[in-house]
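Annotation source Swiss-Prot lists region 'Disordered' at 256-285, 1073-1097. Feature annotation from Swiss-Prot assigns compositional bias 'Low complexity' to 262-277. Here Swiss-Prot flags 320-1197 as region '28 X approximate tandem repeats'. Per Swiss-Prot, repeat '3' is recorded for 379-421. Summarising the annotation, Swiss-Prot assigns repeat '8' to 507-529. If you look up Swiss-Prot, you'll see 530-550 marked as repeat '9'. Summarising the annotation, Swiss-Prot assigns repeat '11' to 572-592 and lists a curator's inference as the type of evidence. What Swiss-Prot lists as repeat '16' is 676-695, and the listing cites a curator's inference. What Swiss-Prot lists as repeat '17' is 696-715, and the listing cites a curator's inference. What Swiss-Prot lists as repeat '18' is 716-738. Taken from Swiss-Prot, the feature repeat '19' applies to 739-762. The repeat '21' annotation in Swiss-Prot covers 833-861. As annotated by Swiss-Prot, repeat '22' applies to 862-882, with the evidence given as a curator's inference. The repeat '25' annotation in Swiss-Prot covers 942-970. Sequence annotations record features per position, and here Swiss-Prot assigns compositional bias 'Basic and acidic residues' to 1073-1085. Positions annotated as repeat '28' by Swiss-Prot: 1173-1197.
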Amino acid sequence: MSGKPAARQGDMTQYGGPIVQGSAGVRIGAPTGVACSVCPGGMTSGNPVNPLLGAKVLPGETDLALPGPLPFILSRTYSSYRTKTPAPVGVFGPGWKAPSDIRLQLRDDGLILNDNGGRSIHFEPLLPGEAVYSRSESMWLVRGGKAAQPDGHTLARLWGALPPDIRLSPHLYLATNSAQGPWWILGWSERVPGAEDVLPAPLPPYRVLTGMADRFGRTLTYRREAAGDLAGEITGVTDGAGREFRLVLTTQAQRAEEARTSSLSSSDSSRPLSASAFPDTLPGTEYGPDRGIRLSAVWLMHDPAYPESLPAAPLVRYTYTEAGELLAVYDRSNTQVRAFTYDAQHPGRMVAHRYAGRPEMRYRYDDTGRVVEQLNPAGLSYRYLYEQDRITVTDSLNRREVLHTEGGAGLKRVVKKELADGSVTRSGYDAAGRLTAQTDAAGRRTEYGLNVVSGDITDITTPDGRETKFYYNDGNQLTAVVSPDGLESRREYDEPGRLVSETSRSGETVRYRYDDAHSELPATTTDATGSTRQMTWSRYGQLLAFTDCSGYQTRYEYDRFGQMTAVHREEGISLYRRYDNRGRLTSVKDAQGRETRYEYNAAGDLTAVITPDGNRSETQYDAWGKAVSTTQGGLTRSMEYDAAGRVISLTNENGSHSVFSYDALDRLVQQGGFDGRTQRYHYDLTGKLTQSEDEGLVILWYYDESDRITHRTVNGEPAEQWQYDGHGWLTDISHLSEGHRVAVHYGYDDKGRLTGECQTVENPETGELLWQHETKHAYNEQGLANRVTPDSLPPVEWLTYGSGYLAGMKLGGTPLVEYTRDRLHRETVRSFGSMAGSNAAYELTSTYTPAGQLQSQHLNSLVYDRDYGWSDNGDLVRISGPRQTREYGYSATGRLESVRTLAPDLDIRIPYATDPAGNRLPDPELHPDSTLTVWPDNRIAEDAHYVYRHDEYGRLTEKTDRIPAGVIRTDDERTHHYHYDSQHRLVFYTRIQHGEPLVESRYLYDPLGRRMAKRVWRRERDLTGWMSLSRKPEVTWYGWDGDRLTTVQTDTTRIQTVYEPGSFTPLIRVETENGEREKAQRRSLAETLQQEGSENGHGVVFPAELVRLLDRLEEEIRADRVSSESRAWLAQCGLTVEQLARQVEPEYTPARKAHLYHCDHRGLPLALISEDGNTAWSAEYDEWGNQLNEENPHHVYQPYRLPGQQHDEESGLYYNRHRYYDPLQGRYITQDPMGLKGGWNLYQYPLNPLQQIDPMGLLQTWDDARSGACTGGVCGVLSRIIGPSKFDSTADAALDALKETQNRSLCNDMEYSGIVCKDTNGKYFASKAETDNLRKESYPLKRKCPTGTDRVAAYHTHGADSHGDYVDEFFSSSDKNLVRSKDNNLEAFYLATPDGRFEALNNKGEYIFIRNSVPGLSSVCIPYHD
């Protein structure tokens, strides 16, 4: 190693051009640009300690942050580590750093930058105008004295945005960690020498932070005292929005005098304060020289937006020990929020700290000042053993983790990690300490290619050889990502570096326009449909108005602290919020005056929610803020945790327990249900589930080298098999069901979008195709999935406006349904029939309350009119129609407990009684002799009508007529028997009486659990007169589009259903006789050419791309509109349109009957309406879906019940996608396949079925039953067992999680958050989204990644209306601060907005992209309250 300089960026190449990718100042063999960092490698342990340095650390704690451009963010970071070249002690005392504690030491042999993270970064001296980049710390340092940087230089644009006097001054230095800024301006507090001075004043041998400047010319200014005791210290700040803050500083002498005065005036003479206890001066410490100057308070002195409404108290206040150590922090309400204790022998060495309302964490150090133990009185404690290149961390559960390191000081990195279970992972780094490779516990290696200068990742190669490539512009902004499947996403930026367009993998582009040249906030966004949204911002960067693509506006109001106080939507919907003096939300009130109130404990945990009717929901917490019990309506659930914070026991409302056990890596290995059912789990070295045991069932899981599941076995027998194409896209899933080979096949276009799904059932012995059902999907030029072609039906086309709001529906080009919408895009008028939209025979008008609830649905025919009444809590309490009124009563927990039906000469009240856990009980009013009060295991053994038996899996196996006591038994009771497959799916049902079967049925399923067929044998009289089961079964086939049943085919007819988009509410019913369908059967052009294209008669197989071209050509030929593009490729093949047209088989249009489903507010069909407006069928139901009466003069087959359910006449059950629902009990007959993720009672259907539905049989409930459900693709039934889905990018992982979470977030109006983790394979997965203790705000970094994986990103939602200091539709300032904090080690932060956008920030707090990718409020639900 020579120690000679490497290339500088001002040097010339042999061709005469400047080196723009060199690393100026980086000496070969010298440590320039390397930090003595607080957190080398970003590693922390426990609460928290940096084991690599043996330092107690506290990453940034923010005390003050008001929104605005270049805001004044006052935060503190602490480290007990002592650098060898420390800066002077800052205003928070020894060990602490503030954002302004940036100091550049100017030495003859080099420069030392002491930053606010505690790092000391060494650089070689710089000439005027010269720039240097620290690769290990990702930081630029530039000396002034140059008007411009060379073209193509990474900092050229950012440098040009600086005022000329700053750029041209050789006495100023500037630092930044991003080519997009901001700059930290390093100057001095003394007077700048003027031109008239004969001899300039000597400059100090250091530079301090005097301000900040961003790429738009905005500045934040620090005012430093020029003379006196406070010379050089910051006493005032003007932020980028013009706010002015005063920083009150005190000297050690002033604090000593105050302490003496306070002691003399104190009545407690037993503790006189001696002079030595509080000295007037402070000696130097291991943390640097100490002048004793401390920050005691910060006041807001001027606010341009609120000049007459300034706070009467400081925004934050601090107190100190006699040694000048930070003792306590007080918020703007003068509440103590933090407390600290230090070692009396080592000033500044923290030995304990505490948050308000939380226990005290304590620390012990060795003689060298390294932490050897952290003591947690209410959780895990840790011990640290330091050896040469090796640190051993042992927790209080005696789990040991060994870190093997290489390198020194700021380049120390963990290269080998021995985990608590004995597995080992390895990491590789380049010379700058940047990660280049990871090897997982199974020995599989993931490699990261880096730009040698910037450190940006240029490619990732996973162990299976698949590669993802990343491209950047001169400003190090990501411009393109090419995924392993070859699809590419792109981004474009304007001159200041603002995102102007973002093109997704599937080709949709969103564009951004900026009206203000000095702002990064867009004025408009235009999505792929051409729809434009407008935003108006305050001077503080807060959204004041949002105007959607239809010109409809939402307005926002804020208080002086930036907290949102009101939201005003169209149609008169408003929400108002109030906060306490600590900034916590205390109430939310709607436009009708209905108020929900919130209470908190000292730690800030939400302890009570009081609804408008006065009901309280209370939550109690343990010492660390984990909920230990929730009580609502007198019913309590409780949770118990172990020292590691893992849930080990749940106690439900009945007092029953569910228990959990974990392995050394915190993975669940055993759980016992409330009923004693035991399940166990085993994992491989990389954490993938390989074996699960469920009582007597043993399931083995197998994966390919890309960690994709390939097949499973159950008790040694083959089960499901998965197949993927070269892109990695799932193409086939198959298995055997009841002796039949059942498969699902997927097709995609060249952009990776699903174009078709085909289900097949074959005889495995003969290969005979017994059933095939295919659904095709098409997309318009804007990328909207607006066209679906059901099997054997003409295309269904959705007519939309704006960004996809539904305006109408066509079937085969014929308009059937039209919609009119209000200014919130809610449906107000729906018309159906051949005259839809003009004088339609069916016209449904909907109105809404001022709070946004459905108020009425009136038809031009009065028979189905309905009016809805709501309580202050938002409970549906009344439905009134022409014939009757139903009134509903609820418990304090929101359960439906009674229904009263009122009509002329009719007044009936039906009660519904449940035990505390929600299991149905005989109602005391109807069964006063019943002694049942609780079902401890949630398994109902009997009711007024039946006796039930369950097996070890909790599945209902037998149901027998109940013979009341005292009644003579005649042995004529009927017994129902239920049999299941290894996936707990009902496969055989029989009903027996007098020992003879009355009916038998068998059911087939596809690998996703969707029912493909049922066969029913009924008891009938044969030719000899004997009664026996029929020899030939009644066969019904089923076809699916995603999770929605779209086709039901019997021996005589086929019924097909079109649903409302994104919903389980049926819209159109099309019935076709089988004979008519057979007449219409024909080959497609592609099929004809493939079958007749070979001389040997065996046919040929065309590539998928050719099949797509021929399918498109066939459509064009039939429409007599052949495109020039099609003619061109035909000509290239030497063919003409006429030749191909002769091969197109003629079409026969079968006779079809179309009806509209007229549904209730939940999506339950009440009537079938013909195109001429007549009612072909109608029925009435109770609240749990039981049919009370039916008018069916035409013998119409209508099996649909509550959304997602189909009635089976043979058993009386409703098939509900993943389970079977018993409407008589209002619950399922088997346990939830999602386990506790679906709710604590695994049998439970929503206990308020009037407002909540479960279309998937998984207890994923939606408050607005008509509006939304996860309909596309494979539902995550297996997620609890096989682990989370994994992706090639953090964005894909976050998007998947947000799509799953958004519906719940919007309907519950709660913020949810989670993190994205990276496994040792380089794959990304998201944690489950959670909300914090029912708060409106959610902090993602409370979540932890599984042991052995790394936290790399975070995501969150904003609910429907934010209840805190942020704007619904964009990242808040605190969000940006979170992702900018290097201590969090986040690569990106993601957000799902109420408007349906997916937004992303990089780790510099800059927008990466905004695109419409998640469900929005208008398509999901508009909640009435929080």
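Keep in mind that glycine also has a Cβ here, set from the backbone N, Cα and C atoms.
For the repeat '28' (1173-1197), the list of distant contacts is 833, 840-842, 861, 863, 888, 896, 899, 910, 1048, 1050, 1053, 1055, 1155, 1164-1167, 1205, 1207, 1214, 1221, 1223-1224, 1226, 1245, 1249-1250: same-chain residues at least six beyond its ends, Cβ to Cβ under 8 Å. Summarised by DSSP class, the composition of the repeat '22' (862-882) is 3 helix, 10 strand, 8 coil. Per-stretch counts of Cβ pairs under 8 Å to the repeat '21' (833-861) identify 572-592 as the leading one among 572-592, 696-715, 739-762, 942-970. Break the compositional bias 'Basic and acidic residues' (1073-1085) down by DSSP state and the numbers are 8 helix, 1 strand, 4 coil. Remote same-chain partners of the repeat '18' (716-738), defined as residues 6 or more beyond its termini with a Cβ less than 8 Å from a stretch Cβ, comprise 466, 484-486, 698-699, 704, 706, 708-710, 744-748, 752, 764, 981-982, 987, 1002-1008, 1012, 1274. Taking DSSP states H, G and I as helix and E and B as strand, the repeat '11' (572-592) has 1 helix, 12 strand, 8 coil. With a cut-off of 8 Å between Cβ atoms, the residues of this chain six or more beyond the repeat '25' (942-970) that come close are 673, 675, 677, 694-696, 920, 922, 926-927, 976-980, 984, 1222, 1224-1225, 1229-1231, 1242-1243.
For the repeat '8' (507-529), the model's average pLDDT works out to 92.
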